[in-house]
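Chemist: What follows is a structure written as structure tokens; I'll ask about it next.
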Amino acid sequence: MKKVKQLLLILIFCSFLIGCTETKILERISLATLIGYDVANENDENVTATVIIRQVSPDNKSTLETQTNTEATNQGTRIKVNLQTAKKMLAGQTHTILFGKNLAERGLEEPLHGLMMNSELSSSIYLAVVDGDAKPLIEGNYKNITDIGQHVYNLIDHNVQRQHTVSSTLHEVVRNNYSPLRDLAIPIIKKEKDIIKINALAIFAGSKMVGQLTSEEAFYVIMLRDKFKAGALELKLPGDTLDQEKNTDEKLHVAIDSIQSKRTIKLVDKSTPEYDVEVDLACRIVELHSNANVGKPDVTKKLEKAIGKEIEKELKRIVKYTQEKNSDIFGFGDDYYASVRNSNLTEEKWNELYPNAKVNFKVNIEIVRNGVFE
Amino acid sequence: MKETLHISNNQKINAFLLFFIVTATQIGVGIHGFQRVIYQDAKQDAWISVILSFLLAHIVVYIMMKTLDMYDSNDLYGIHIDIFGKYLGNFLNILYIFYCSSAFFVIVKNYTEVINTWVFPYLSSMFLCLSILSIIIYTFKGGFRVIIGICFFSFFFLLWIPPILIIPLKYSDLNYLLPILDNELKGILKGVMSMSFTIVGFEIINFVYPFLKNKTKYKRYVHLGMLFTLFLYLSIMFVSLTFFSGEQLMKTIWATLTLFGFIRLPFIERIEIITICLWMIIILPNLCLYMWAAYRGVQRMVNISVNKFLLIFSSIMFVSGIFINKRTDINLLNDWFGKYAFAVVFIYPFILFLCALLKRQIKKMQVSNSEKS
């Protein structure tokens, strides 16, 4: 009995040793924080990866370095990068992954699959497309940006949180990619001298990038895809909205914020197909370039109507654009599948249906309050 | 009927502990990736399969308990011998011991595979297997009441799961659940069958039964325990179905872990790593109880000491673990075990119940005949 106990004790101590397997001591590893992929060569499959690597050194300073390599697979590039660095590279701290525009146009199917297979990466990292190639953006010198990996992540993260651009976590992108009836939308970022900015929104058909929307138009995309919890928008209304004497060409500028919206999509005719989309939107006026008294009910009503009309117009235009590109980023196909029984809807069938789909909009605006000064 | 097991009073447990025993044995490694298997058959109606499988399980467990109630205080092994005689009974006992051992084996293999994939890709699975076995042996040596105590504690390690599922709920799309019942009934029923790997565990009451203090009011705890598991499985199923798109769910091997991988808390970035390590405590009662059930059966057939049994059992597990290491092998093993478990847990109790009824009837007739003559 005593012997068994001793043996067990030894075994248990051995199991505590599990804590000593595969140590990853911060000073002895380097962390990839930002990865960019580009097409290396028009003719072959190879992909150039540019990696920002952060190295933490014992004297409390961390250094950044950039490594670039070309290989067909992620792991292949990784081996090559390891050959160039003094410390083992790990990818667990990667928060953002960038794709060059050329790669996005060639198709993101394989890169996305590779990212999902890797258990090191969390599926909550952000993806973005770079206008041009990713490499110059990552390697560029910026006056005010010390850590570009963190900077790009923060840039995308806060804009996603404030709903200024479409959320593009790896999970959401992969989800839409594998859903045959819905297409991707990923923000485009661009280097402009000393700053990096979110420039536009890339839209995809299948997994290939086919077009782009401006970042103002991204607002409407979010409105149709999801609900707003806190959005902001600037609109140009026709000049005669509040003042009959002015003519239509003069624009009345309005800015609204604290937008809360909810949309309902209803399939009314499944042969065309035809949708009724109703958007309920509550907001607050923060800026109005007019002297009209917004406190008056009839003025508010006029404004509400004009804003609603303007939004309807924009929505129509954007949906039309995606139809031309055959990129269903709003998930109309999913709605079709969800509301029609035994539809046997396939990707090919939906690709034929979507460009001809008819979408009717109805936007109900409610101006809840205005600023502190009338 | 005549054969009864005599368990001393200090070995017995309260009936309400059955609640913890049932949940602890039901929830094991299956929960990590059951969504994909069921989705393959039942598509967006996978949650109906989950509910149906639990309905079936409730019926089965009711029949099991009816059979057990026919005997005063006996476990399944004793019932087998009483009904089928020494030879056939012992043969069935061997089959059941084999079932318990393979359940043990499957759990260990799946868990080491998860650790190898997510946490330590370079760690030898043999070493992992060895350390798991040593922990189990240590617990097992503590005796039956210690195992039950572990069941009790492991329950509280499950309670954090439902609240944390609220975070991915933000990204879910209810459209993925629609249209309801759009698939053939056959697919949904097939999904019920695929659930068997995940849902089994409650058959352990066949062996715990003689250890109960109060045998009149124990049924409700078994049903309650299963309801809790249903609640947990169903909430995970709903969140996964709406969080992932269909094709994506089919490609995700451990959907629950990927789901956790998405969650990012301010103080910890990757909670699935911690979840996986914590899961050791959740599968511990599972493993201990299956080992214990196997031990009870072996002990009935041959006179063997605990130490000897532990040595033989763990070396068999360890050695067979060396041969099965590849993912494809493990998948095959899971498929095979799922079918075996379905037969043993879901079909066999009905046959046993009928046999027990028949046996009682025959005995009654014999008694009345002998009274007449």
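Positions of Cβ are set from backbone N, Cα and C atoms, glycine also.
As annotated in TrEMBL:
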{"type": "TRANSMEM", "residues": "B:12-34", "note": "transmembrane segment"}
{"type": "TRANSMEM", "residues": "B:46-65", "note": "transmembrane segment"}
{"type": "TRANSMEM", "residues": "B:86-107", "note": "transmembrane segment"}
{"type": "TRANSMEM", "residues": "B:119-140", "note": "transmembrane segment"}
{"type": "TRANSMEM", "residues": "B:147-167", "note": "transmembrane segment"}
{"type": "TRANSMEM", "residues": "B:187-209", "note": "transmembrane segment"}
{"type": "TRANSMEM", "residues": "B:221-244", "note": "transmembrane segment"}
{"type": "TRANSMEM", "residues": "B:273-293", "note": "transmembrane segment"}
{"type": "TRANSMEM", "residues": "B:305-324", "note": "transmembrane segment"}
{"type": "TRANSMEM", "residues": "B:336-358", "note": "transmembrane segment"}
Chemist: Quick one: find which recorded stretch in B:46-65, B:187-209, B:336-358 has the most Cβ pairs under 8 Å with the transmembrane segment (B:12-34).
Modeler: B:187-209
Chemist: When you check the transmembrane segment (B:46-65) against the transmembrane segment (B:221-244), do you get at least 3 Cβ pairs under 8 Å, counting only pairs 6 or more apart in sequence?
Modeler: yes
Chemist: Can at least 3 Cβ pairs under 8 A be found between the transmembrane segment (B:119-140) and the transmembrane segment (B:187-209), with each pair 6 or more apart in sequence?
Modeler: no
Chemist: What residues in the same chain, six or more past the boundaries of the transmembrane segment (B:187-209), come closer than 8 Å to it by Cβ-Cβ distance?
Modeler: 13, 18, 21-22, 24-28, 30-31, 34, 37-38, 40-43, 45-46, 48-50, 52-54, 56-57, 61, 64-65, 68, 73-77, 103, 215, 222, 225-226, 229, 233, 286, 289-290, 292-293, 296, 334, 337-339, 341-342, 344-346, 349
